[in-house]
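Q: Encoded as C-alpha cells, here's the structure I'll be asking about.
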C-alpha cells in the first residue's frame, strides 16, 4: 500500500504539469495518507485536469471556485431572477452572452449519450430565466471517451488510474469508497483504454538525467556536418579524398607507416588499455556473458542433464516453443498482432535452423 501511494505521489510531483489552477488540488492529494482519501483526492485531481483542459480548449474560464451561475452573474454586476443551483465547469461572459461549459468522461456509448442529454437539459432549463435578464445563453457540452489531457503524458495518465484502482484492494468498502458510478467509470476506462504508445515512445517522454558529456559527444558528432549534401556528393567527396591519398602515397609524399596486425593482437592490446583493471577477459568469456546474464537466453540454451526421451524432438526447439506460448498466454500483446506474428515466425525458423545443423552433423 505504501509503495502504491509513493508511486502516485512521484507521478504527481514529477510528471503532472505545474499549473497554478492545479496547485490546491495537488496539495490536497499529496497531503493524504489513508487509501480512501488518496483515492478520492486522486480522482478529483484527474477530473480537475480534464476540466481545465476542456476550459482552455473552449476559450472559457475554469470555475475553480465552484461558483453557481447566479453567483457568476452577481459578481459581474448583473441582476437576475432566482436560478436553479447549477455549478458549471467553465464560464465566460462576453457583453450579454454567457458561455457555460460542462465536460464529462464516459467510456461506453450508452452512458455517454445519457450524460450528454442530462447536461444539455440542465443548461437549457435556465435559458428562459436568463433571457428575462437580457442574457443570451451559449451552452457547451464537452463529452470525452477517455481521460487524456494536456497536463500529463498518456502513459502517466494510464499509470495514475491503474494505481488508483489498486488502492481499492486496501479498502474494506471497495466501490463504496466513492460513488458507484465513479467506480464503474474507472473500471471501464482501465478495461477499454489501450495504450497507444510503444515502449520507445514512452521512454522518450522520460526526463533526460544523463550527464553533460552526452551533449558534448553529440555536438562533436554533428559539428561541421552539412545536412544539405546528397548521397552523390558524399560519394564524390570520399572518392576525391581517397584518390588524393592514393596519389600522394604512390608519389612518395606520404610515408608507408602501415603494419600487418592480427585480430587477436588487436583485441589483446585493447583489453590492456586500462592497467588498473585486473580482469583477464578473453573472447570466450565475453561471448558467454550476454547469454548467462539474460534469464531468457539461459532458459533457451540451457543444457539439461537427465532422462533422455526416445523421440527425436529437439529439446531446444521445445523450450523455445514453451517460452513463446507463455509470453502469448500473458495477453500482453493482444493489440500488437504483428508482434504476435513475429513470435509465430520464430518457431518454424528455429526448427529449420536446427534441422539444417543436424543434417550437417550427420553428413
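Heads up, the Cβ atoms here are built off N, Cα and C, so glycines get one too.
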Q: The Mn(2+) 1 site in Swiss-Prot includes 51, 89. Which of 34, 102 is also listed there?
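A: The candidate from 34, 102 that Swiss-Prot ties to Mn(2+) 1 along with 51, 89 is 102.
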Q: List, in sequence order, the residues of the same chain other than 51, 89, 102 whose Cβ lies within 8 Å of the centroid of the Cβ atoms of the recorded Mn(2+) 1 site.
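A: So the additional residues around the site are 54, 55, 63, 88, 90, 101, 103, 104, 142.
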Q: How many Å lie between the Cα of residue 115 (active site) and the Cα of residue 102 (Mn(2+) 1 binding site)?
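A: Cα of residue 115 (active site) to Cα of residue 102 (Mn(2+) 1 binding site) measures 10 Å after rounding.
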Q: Pick from 89, 102: which of these binding-site residues has the biggest number of other Cβ atoms within 10 Å of its Cβ?
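A: Going through 89, 102 one by one, the largest Cβ count within 10 Å is at 89.
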Q: Average the pLDDT scores across the region 'Endonuclease' (26-287) and report the rounded value.
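A: PLDDT averaged over the stretch: 80.
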